[in-house]
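Enquirer: The structure follows.
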Amino acid sequence: MLLRGAPYLNVHRLLLPARRHLASGCATTDLWISKALATLFVVSPSPPALYLSSFSQVLDASIAFSALRRLSDSESAVNLFRTTQSTLKVSHFAASYRVLISILCCAGRLSDALNLFDEMTEKSLSFDGSFLGFLVDSCADSGHLDSALRLVCRASADFQFCLRAYHVNNLMNRLVAANRAKDAIFLFEEQLSSQGFNPDTCSFNVVIKGLCLLGDVDRAFEIYKKMASFGCVPDTFTHNSLVVGLCRANRIDGGREFLRRIQVDGLFLPNVITYTSLISGYCKLGRMKDALEVFDEMLSLEIKPSRITYNVLIDGYGKVCDMQSANSMYDRMILGGCQPDIVTFTSLIDGYCRCGLISDAMKLWHELVERELQPNAYTFAVVIIAFCKMNRLSEARELLNELNRRKDIVPRAFIYNPVIDGLCKAGKVDEANMTLMEMERKGCSPDKFTYTILIIGHCMKGRMVEAIQLFDRMVTSGCTPDHVTFGSLTSCLLKAAMPDEANRVMLMRERKIGLGCINSETGPSCLKPALSVSVAS
């Protein structure tokens, strides 16, 4: 019996007029058979054999296809497809496969959809480039990037299809977003080498962005110069990506010169993103005079600065300890109609801390409460680091306790490291160990700086066994020691007359037993990881 009433119609629309029509010539009887079959699998996903037997004499591939396209629930659709295939011996059309694959993709069942697609190709059933493009998009959008790549490669090699640029662009964009820019560039070059692929401006934009993220700006410019030969015109996104790429590579003057050149040629109208990228580049180098010149040029073109623009400048002034200019820019920000956010105040607090003006920093900290702004992880980090540098460990620990009470902040190792470092230098190794335990309870894994600080701290207290245990734990956890860790521990072990352990550590360094590639980065300055992160970025 058919279910009646509005709730049923919302789930299954068989009682509504059909939006899709069967092919011309199909009998009205077939239409109702397809409706009845679809209804049966909605009401009972695994219908009894008795019910199915009534369809055995009247069912064919056309009716099964009509029933299948009336379903939206993937489970009902799969059951109908497989049951009619196995029990009722229906040889499904290619169209039925395509409909079911589409339903599975929309339901997020990509593995099942791809298995069905393989079955379809094994039977040499037909499909077109649009369907293959849909399948590539479904894989890419759901994060199945490797499957999408394989499909694109098979498109020309196995199926003799050339996908539209839209589908390739979407996949390349997803790859770049997943930090797989190299794969995106390889895909682009492979597609260019195949006949029939017509890249558009978006194709070039994705590749240029990917190359800039990899730091290969020169190659990005080579790709940029090829655009005209494919009939593609660079747009604002293209030029902004190149300017950002030059700034990331610390070639800010080159970025500024490139901007001037394309402006003179009339090829490009810069926007707030263009200028903010240049300003940010100069600020990171501490070249605040140049940053201000670019800011003034931006204003002269009547381009309104964004909150990010102001935050970058305030952060830049703070990092060179020019708090007068930082506060002046803050005032201009307010007058410009931009409301400050937590990044703005974190930059100001960071600037005061760098200048040693911790009392002014704490005034701003308390002002956050009045403004109903919550300090973020970086706000906590800059103040904790400042207190530790001034040997005010009790206040640093109070802030750390406040941070631990916050459920909305995922703590990072660089916030805890200064406190652990300060405690170790003060000889309070047990308290440092307790801080490590607090850190791990919050779900924060120690990094190589954490371990190195603790190893040196235990060595300085003559607690060599614990230092060795920490080192072994560091290696076991997959955290790679650097030359400072090895050098400090080896030296202390030799001084403690423990040559066997010293030799074991040196052997691990030489053979890299159980380790990845040894990082030769300078360390372990517990401040470096925090201070290298711009709070305005």
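Cβ from N, Cα, C; glycine included.
Per TrEMBL, the features are:
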| type | residues | note |
| --- | --- | --- |
| REPEAT | 93-127 | repeat 'PPR' |
| REPEAT | 200-234 | repeat 'PPR' |
| REPEAT | 235-269 | repeat 'PPR' |
| REPEAT | 271-305 | repeat 'PPR' |
| REPEAT | 306-340 | repeat 'PPR' |
| REPEAT | 341-375 | repeat 'PPR' |
| REPEAT | 376-411 | repeat 'PPR' |
| REPEAT | 412-446 | repeat 'PPR' |
| REPEAT | 447-481 | repeat 'PPR' |
Enquirer: Where else in the chain does the repeat 'PPR' (93-127) make close Cβ contacts, counting only residues six or more beyond its ends and a cut-off under 8 Å?
Expert: 61-62, 64-65, 68-69, 71-74, 77-78, 81, 134-135, 138-139, 142, 144, 147, 158-159
Enquirer: Counting only residues 6 or more past its boundaries, what in the same chain has a CB within less than 8 Å of a CB in the repeat 'PPR' (200-234)?
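Expert: Distant Cβ neighbours of the repeat 'PPR' (200-234) are 165, 168-169, 172-173, 175-176, 181-182, 184-185, 188, 241-242, 244-246, 248-249, 251, 267-268.
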Enquirer: Run through the repeat 'PPR' (306-340) and tell me, per DSSP, how many residues are helix, strand and coil.
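Expert: Here the numbers are 26 helix, 0 strand, 9 coil.
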Enquirer: Where else in the chain does the repeat 'PPR' (271-305) make close Cβ contacts, counting only residues six or more beyond its ends and a cut-off under 8 Å?
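Expert: Distal contacts: 236, 239-240, 243-244, 246-248, 250, 252, 255-256, 259, 312-313, 315-317, 319-320, 322, 325, 336, 338, 534, 536-537.
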Enquirer: Go through the chain and flag residues at least 6 beyond the ends of the repeat 'PPR' (376-411) whose CB is under 8 A from any CB in it; none is fine as an answer.
Expert: 342, 345-346, 349-350, 353, 356, 358, 361-362, 365, 368, 418-419, 421-423, 426, 435, 438-439, 442-444, 527, 530-531, 533, 535
